[in-house]
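Per Swiss-Prot, the feature Ca(2+) binding site maps to Asp66, Asn68, Asp70, Gln72, Glu77; the stated evidence is sequence analysis. Per Swiss-Prot, the feature domain 'EF-hand' maps to 53-88; the stated evidence is sequence analysis.
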Amino acid sequence: MTDTPVEESLFQIIHCFHQYAARQGDMETLSLQELQALLMDNMPRFMDSLGRKEPYYITELFQAADKNKDNQICFDEFLYILGKLVKDYHLQYHRQLCARYCAQHSLY
């Protein structure tokens, strides 16, 4: 049986984390530079569509996710970052739906 699209997406997230974590230092954690590269290489349109391309946004995400303040992001902390990004994108998705609905029904 083949993986579902969601299962494949989850596998790709895990693989991507480890691919970037292995670039320097600990293979089980991301540095700030590794996180920046991961997000900008793999989600450039996503980050741009959120209006989040400014370098300080990723730094703020890193600091908020680094719960044990070791200046590294473990996989659990990485999931916090993904959750935050998905929530932001979900809100944007609803704003776009509302804007489309309002435009179609002359509510502006």
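Backbone N, Cα and C define each Cβ position, glycine as well.
On the structure: features taken from Swiss-Prot.
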residue	record	Cβ within 10 Å
Asp66	Ca(2+) binding site	20
Asn68	Ca(2+) binding site	8
Asp70	Ca(2+) binding site	11
Gln72	Ca(2+) binding site	19
Glu77	Ca(2+) binding site	20
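For the recorded Ca(2+) site, residues Asp66, Asn68, Asp70, Gln72, Glu77 set the reference point as the centre of their Cβ atoms, and the other residues of that chain within 8 Å of it by Cβ are Thr29, Ala65, Lys67, Lys69, Asn71, Ile73, Cys74.
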